[in-house]
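Undergrad: Got a structure here, written out as structure tokens. Questions coming.
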């Protein structure tokens, strides 16, 4: 093999090793995103909800900016309740399917059922509320006290 080819191969291997340090999203969050898209019938990507209002996304505080943000607050509270029962919501995967009428949970274990129910309720709530682009990526430090 030509030395230049070896250098290119080495560079690719090193960059792949570096990329392996990037943590993936917990599988449950991927499932939750798919469940949201099922419930809202793909009207918008689930990622649009990641930084919405005071509660949609990581953490949450203050008063929800609207009813959609309130869906996220209730979801956070549901996850907190699951943790009190010994579950790890962000790591718990569950079995569900997207049916004609929307998401349907068919998990078996207590934690899977609990977490799926939290995600199901939030996804259905998202489907019933309006998305206001003005509430996306707000300054939570100022707005969510």
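Any Cβ shown, glycine's included, is placed from N, Cα and C.
For 1-27, the entry in Swiss-Prot reads signal peptide, with the evidence type experimental evidence. According to Swiss-Prot, the feature disulfide bond maps to 38-98, 54-144, 56-72, 71-125, 78-118, 87-111, 105-116, an assignment based on experimental evidence.
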Undergrad: Name, in the order they occur in the sequence, the residues of the same chain whose CB lies under 8 A from the CB of residue 38 (disulfide bond) and which sit 6 or more residues away.
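TA: In sequence order, the residues whose Cβ lies under 8 Å from that of residue 38 (disulfide bond) (at least 6 apart) are 98, 102, 103, 123.
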Undergrad: Using Cα coordinates, what distance in whole Å links residue 54 (disulfide bond) and residue 116 (disulfide bond)?
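TA: Cα of residue 54 (disulfide bond) to Cα of residue 116 (disulfide bond) measures 23 Å after rounding.
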Undergrad: For the disulfide-bonded residues 78, 87, 98, 125, work out the Cβ neighbour count at 10 Å and name the residue with the minimum.
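TA: Taking 78, 87, 98, 125 as the disulfide-bonded residues, the minimal 10 Å Cβ count falls on 98.
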Undergrad: Taking each of the disulfide-bonded residues 54, 56, 105, 116 in turn and counting other Cβ atoms within 10 Å of its Cβ, which one has the fewest?
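TA: Among the disulfide-bonded residues 54, 56, 105, 116, the sparsest Cβ neighbourhood within 10 Å belongs to 105.
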Undergrad: Tell me which of the disulfide-bonded residues 56, 71, 105, 125, 144 ends up closest to residue 87 (disulfide bond) in space, Cα to Cα.
TA: 105
